[in-house]
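Scroll down for the structure; my scribbles are underneath it.
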């Protein structure tokens, strides 16, 4: 389950980056965009996204071990869980920090730059249309309006992702560098136990909010 969840999140991040690139290219080269983004290239990109996501999250397959925990002390009622156990704490710290950089910092920074360039391009075209005659600008203006709405949608998706996933990444990094042993041996502070599930929930709600932005 942790591996599948991590791969899904990674694929969502990379897919958002691909969408940003697609919108950028469509705005800067509208005449060639449809011929460039063919069905074959789109399917190949989807395959690369999922393969790359699986490769990034592959260590989780080997580091997650099956464990059993008791629900009520004294009763033979146990639940099986997956517990992330690393041979060295530094490896876990390095891997989680790598995930933070590869699946949050770099995609957010890249998408913000792409969105800025896209919006700037749309803004310059809007000014050009205002200077042209009404007859010549009627059709381009309608297309520009559609592209502007799509660009706004991409910006909303990037901001929503950045806000939703930042808390859980910061919580995990804080736990890794402030609790030197595994959670199996050390009980975290009460505020960590309370905030960590909320941060996880906030990140997962990003997937349910994305369709609203698409609409």
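Here, residue 1 is simply the first one shown, and the rest follow in order.
Note that Cβ sites are derived from N, Cα and C of the backbone, with glycine treated the same way.
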Of the ranges 150-170, 171-191, 192-212, which one does TrEMBL list as transmembrane segment?
150-170
Annotated range (TrEMBL: transmembrane segment) out of 46-63, 64-81:
46-63
Under 8 Å, at least three CB pairs between the transmembrane segment (150-170) and the transmembrane segment (46-63) (pairs 6 or more apart)?
no
Contact set, same chain, for the transmembrane segment (97-119): CB under 8 Å, 6 or more residues outside the stretch:
9-10, 13-14, 16-17, 20-21, 23-24, 27-28, 56, 151, 154-155, 158, 161-162, 165-166, 169, 172-173, 176
